[in-house]
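According to TrEMBL, the protein has these features:
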| type | residues | note |
| --- | --- | --- |
| DOMAIN | A:4-78 | domain 'Glycine transporter' |
| DOMAIN | A:91-163 | domain 'Glycine transporter' |
| TRANSMEM | A:6-22 | transmembrane segment |
| TRANSMEM | A:29-51 | transmembrane segment |
| TRANSMEM | A:63-81 | transmembrane segment |
| TRANSMEM | A:88-105 | transmembrane segment |
| TRANSMEM | A:111-136 | transmembrane segment |
| TRANSMEM | A:148-167 | transmembrane segment |
| TRANSMEM | A:173-194 | transmembrane segment |
Amino acid sequence: MILYWLGMFGIAAFAITGVISSGKRDMDLFSLVVLGMVTSLGGGTIRDVILSVETVYWVKDTSYLWVAAASSVFAFFAVRFIENRQTIFHYADSFGLALFTVVATENVLRLGFSATIAVTMGVITGIAGGIIRDLLSNRAPLVLGREFYATPALLGALFIVLLNDVFPSHPYNAIYATTLIVVLRLFAIHKGLYYPSWLLYKKRAATTEELPHEPRK
Amino acid sequence: MILYWLGMFGIAAFAITGVISSGKRDMDLFSLVVLGMVTSLGGGTIRDVILSVETVYWVKDTSYLWVAAASSVFAFFAVRFIENRQTIFHYADSFGLALFTVVATENVLRLGFSATIAVTMGVITGIAGGIIRDLLSNRAPLVLGREFYATPALLGALFIVLLNDVFPSHPYNAIYATTLIVVLRLFAIHKGLYYPSWLLYKKRAATTEELPHEPRK
Amino acid sequence: MILYWLGMFGIAAFAITGVISSGKRDMDLFSLVVLGMVTSLGGGTIRDVILSVETVYWVKDTSYLWVAAASSVFAFFAVRFIENRQTIFHYADSFGLALFTVVATENVLRLGFSATIAVTMGVITGIAGGIIRDLLSNRAPLVLGREFYATPALLGALFIVLLNDVFPSHPYNAIYATTLIVVLRLFAIHKGLYYPSWLLYKKRAATTEELPHEPRK
């Protein structure tokens, strides 16, 4: 039951990031609602399709659909009164990432898959919606940024697997793991949490510009 | 039977938009055929996968595959003789959007899903192919533009649900709804049909450029 | 058995291209591993989902997951010592394209699908992973470039269908077809293999810049 509500909160959070991220001057209400819904329902849809579940979650229970639509409408009107949209965007994105990763990992475990598959699907579900949003709104995917993004999702997914092992189906496990991801992600945003230098990608002379293919205009 | 032929016309229309949109100087025939096929078959594939149908439509009936391929080849050679490709592009896109939305909505209704799911899948099928095309050819997704795009699809999907309620399985229902979408979309293109101002997204001082993350180059 | 190992090599090759293509200064290890895995597992996932197989290949046999992860980690550390990354990128991409196309075509044939579906799915599997990679790393999709890319995949897929007809399940069929694709692709890269001019797309005065819609910034 807690999982159900956490999932709904995740849907709402991601819908809001979709509207803020894709919003451009003079776009209309319904287009933005569509984009908010794609962002918030996309990750879980990919998870369900890959796991070949019988019915995708929002086809089975249309409340998810309505929560995504209502949150998008709310975000559409609310952003007018918000001064610092990017802060809201990053906070909502952190919550969405955390909630989706944890809920997906625990659900996949309950379906009887191995811990490897559960963690993989948890991370995929957490980051896929944001990647779709960033592609559609022509923003560099957050996961490709310099701060911690995929790593908090991985640590949170591993943490919930561990918690479920030690305290089987304790009702608050999901809340502990969600908190871990959100805290790590907020640290990354505000303190610029990085990896040690030897775990960072280094460029040499050769760059993408030197490709024999024309660069994207 | 009418639905079947309307679906085929939709495939052909979207294949043509795929070729026009992705076509760059000196691209070869087969690459463009692949892109035309992805554009035209993509939306329906996503629909079938989300609804967990037993066999995706073009795997079951390969005529769809051949129509998509033949239309792409036709478009490849025909564009040489066309002066105003963008007009053709927008007309074909409007027809494709209308046909896919209506055919998908009616098919999903017939599979026994609720009106909510039918309308949702209709809109998704209508706009998904175009989104894939626009991402691949690095064009701003039409659905993110300022004119009516997703809204005509929504209205058309709602209209066919209504028609099927009032005149159950009347053979021309699909044609009426298709016409509605095409007319709304052509009005949007030529007259710049907008929403009233309070239903449009407003930017404030904060813009995406002020993100703490590097912008996409 | 040969198919299994060729598939694993394809996973490794594509994982390496994903890391090289998406790598930007200071990106962390795990983000790049995620991108390498998406690149290498993406194409086959799309194939399995479209064919409605019971369990997606890497969910059934997690060795694929581990090979993708290990190759990405290897590529992450190895690129530091490589002078000409773009050459490695194009070579690995050619091998990945060839191996995925051939393995997918033969596997789909064995599942009992027609040659049309087998060739289509072979080409889709071969190019889809690369398209996802190129979209995520904001690189113009290789398939949209001027040299032969989709065509070698098509010819290789047709060749393996032919070979399986003439020499049913000969163990080296897959190796011959893979070699054909790699050779064609390397010719394309080094010699700029083109189609004859009348099979190339010609631009007229009207260009995408004249669209009534704002261009992507």
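The backbone N, Cα and C atoms fix where each Cβ goes, glycine too.
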Tertiary contacts of the transmembrane segment (A:111-136) (same chain, 6+ residues out, Cβ under 8 Å): 14, 17-18, 21-22, 35, 38-44, 46-47, 50-51, 53, 93, 96-98, 100-105, 142-143, 149-150, 153-154, 156-158, 160-161
Residues from the same chain, set at least six apart from the ends of the transmembrane segment (A:148-167), whose C-beta lies under 8 A from its own: 97-98, 101-102, 105-106, 109, 115, 118-119, 122-123, 126-127, 142, 173-174, 176-178, 180-181, 184-185, 187-188, 193-195
Positions on the same chain near the transmembrane segment (A:88-105), where near means CB under 8 A and six or more residues out: 3, 6-7, 9-10, 13-14, 16-17, 20-21, 40, 43-44, 47, 79, 82, 118-119, 121-127, 129-130, 142, 149, 152-153, 156-157, 160-161, 174, 177-182, 185-186, 189
Tally of DSSP helical, extended and coil residues in the domain 'Glycine transporter' (A:91-163): 59 helix, 0 strand, 14 coil
